[in-house]
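S.K.: OK, Swiss-Prot features for this one:
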BINDING   Thr49, Cys50, Asn51, Arg52, Ser107, Glu112, Thr113, Gln114, Gln118  substrate binding site
ACT_SITE  Cys50  active site, nucleophile
SITE      His97  site 'Important for activity'
BINDING   Gly186, Ala187, Gly188, Glu189, Met190, Gly191  NADP(+) binding site
Amino acid sequence: MYYCISFTHKNTDIALREKLSFSNEAKKSEFLKIISTHENIEECLVISTCNRVEIVAFVKMACAEFIVKSLALLCDVDKDILLEKADIFEDSGAIHHLFSVASSLDSLVVGETQIAGQLKDAFAFAVKNNFCGVHLSRAVHSAFKCAAKVRNETQISKNSISVASVAVAKAKELADLTQKKAVVIGAGEMGELVAKHLIAAGAKVIILNRDLQKAKDLCERLGVLSEYDSLENLKKYLNQYEFFFSATNAPNAIITNSLIEELSYKRYFFDIAVPRDIDINENENISVFAVDDLEIVVQKNLALREQEARMAYGIIGRETSEFFRYLNDLALMPIIKAIRLQAKEYADKQLEIALKKGYLKKSDKEEARKLIHQVFKAFLHTPTVNLKHLQGKMQSDTVINAMRYVFDLQNNLEGLNQYKCEFDMENNDEIY
């Protein structure tokens, strides 16, 4: 069954989320290796963003305690606290949750579009490292399909906002950004989003990054209203400008009290990284805003999009039901094919016996074959129709198992394509 353990802005604070975050691929790989050793876990992947850590798996039976214990040991967190905080979803609940995440209905900023790319990256990593198989491939592929439907059939992502845009909107409430210089620390996806929103607000941006070439490349994309420098010169910039937006993947804080000098004017720090980049004391001239502090702006966004969200949840509910109908169809179609194949094999075998014993002339072989095939097709028509009527119904599994036993189809099914998955697990072909 499908299984999901979720830690988000809804059930954990930023301090706990930053402990749980997978800031590098090595940590993610280590965790997935640990949990994939469990006998009940067949496939798994991890989605880790500034607002969530999601463990999505395909399992034989529930195993939340093992997964949470493994996460607690790796991240040095109390297991009981995690079990108390975790939202756990099983089977249809897990698929509904995954579809909601992919469609940005479960995001801190409803309608933001970053999560689709983050899910894509999480899936690609799991496939590349052999943690993900056909079951999660189906689920993620369907999640992308659902997200596309939500985007196309609702206005949920129209004028969509992100954590980056919310941070800049908050800065605009504090001061006029026109012609001001704002420092953006980090040249990754989030840093680029912040820079674009700042430029749109009339500001000029300075990109600081450890990899100078990456900062230069970003500035070339941004245009004349940007400049760049090395992160080594961070202290100089911290004590020269008013607005700072930090979005790095650093494992520990990079802006600390030791870098801050007392100045006569106000400075505003926006920390949109998890783990947090900023660990400084606030005073009358220094204000720090972390991801969770942007909740007020987010709530305004939710109110504006409430009607669209209801429509989107309707789509997600229907797509969840459709997904499980699809799974039932995959199970039924091989049964129908196997029965027809078995009938054809028996008919051909008896035809050859009849020819050998002289019951039938060789010249009549093809006509006899056509007649026999028409007979077994007519005979199997009603069973085939009845099986197809079971598609998507609860009793389908019971009937499938009975048919497999009655017709001894276990071996016959091995050669058939039971999955019809558009993702080739051997060649790592993309489905997104």
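Glycine is no exception: its Cβ is also placed from the backbone N, Cα and C atoms.
Since this is a predicted model, take the numbers as computed values, not measurements.
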S.K.: What is the separation, in Å, between the Cα atoms of Asn51 (substrate binding site) and Gly186 (NADP(+) binding site)?
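M.R.: Just about 18 Å between their Cα atoms.
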S.K.: With a 10 Å radius around each C-beta, find which of these binding-site residues (Gly186, Gly188, Gly191) has the fewest other C-beta atoms nearby.
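M.R.: Taking Gly186, Gly188, Gly191 as the binding-site residues, the minimal 10 Å Cβ count falls on Gly188.
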S.K.: Work out how many Å separate Gly191 (NADP(+) binding site) and Gln118 (substrate binding site) at their Cα atoms, rounded off.
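M.R.: Per the Cα atoms, Gly191 (NADP(+) binding site) and Gln118 (substrate binding site) stand 15 Å apart.
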S.K.: Compile a sequence-ordered list of residues in the same chain as Ala187 (NADP(+) binding site), six or more apart from it, whose Cβ lies below 8 A from its Cβ; state 'none' when nothing qualifies.
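M.R.: Non-local contacts for Ala187 (NADP(+) binding site): Ile207, Asn209, Asp211, Lys214, Ala215, Asp217, Leu218, Tyr228.
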S.K.: The record names Thr49, Cys50, Asn51, Arg52, Ser107, Glu112, Thr113, Gln114, Gln118 as the residues that bind substrate; what is their largest Cα to Cα distance in Å?
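M.R.: So the maximum pairwise Cα distance among the substrate binders is 15 Å.
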S.K.: Measuring Cα to Cα, how far is Gly186 (NADP(+) binding site) from Ser107 (substrate binding site) in Å?
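M.R.: Given the Cα positions, Gly186 (NADP(+) binding site) is 22 Å from Ser107 (substrate binding site).
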S.K.: Of these binding-site residues, Thr49, Asn51, Ser107, Thr113, Gln118, which scores lowest on Cβ atoms within 10 Å?
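M.R.: Among the binding-site residues Thr49, Asn51, Ser107, Thr113, Gln118, the lowest count of other Cβ atoms within 10 Å belongs to Thr113.
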S.K.: Looking only at C-alpha atoms, tell me how far Gly188 (NADP(+) binding site) is from Ser107 (substrate binding site), rounded to the nearest Å.
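M.R.: Ser107 (substrate binding site) has its Cα 20 Å from the Cα of Gly188 (NADP(+) binding site).
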S.K.: What count of other C-beta atoms do you get within 10 angstroms of the C-beta of His97 (site 'Important for activity'), across all chains shown?
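M.R.: Result for His97 (site 'Important for activity'): 24 other Cβ atoms within 10 Å.
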S.K.: To the nearest whole angstrom, state the Cα distance for the pair Met190 (NADP(+) binding site) and Cys50 (active site, nucleophile).
M.R.: 10
S.K.: If you measure Gln118 (substrate binding site) to His97 (site 'Important for activity') at Cα, how many Å is it?
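M.R.: About 15 Å separates the two Cα atoms.
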S.K.: Can you tell me the CA-to-CA distance separating His97 (site 'Important for activity') and Glu189 (NADP(+) binding site), as a whole number of Å?
M.R.: 25
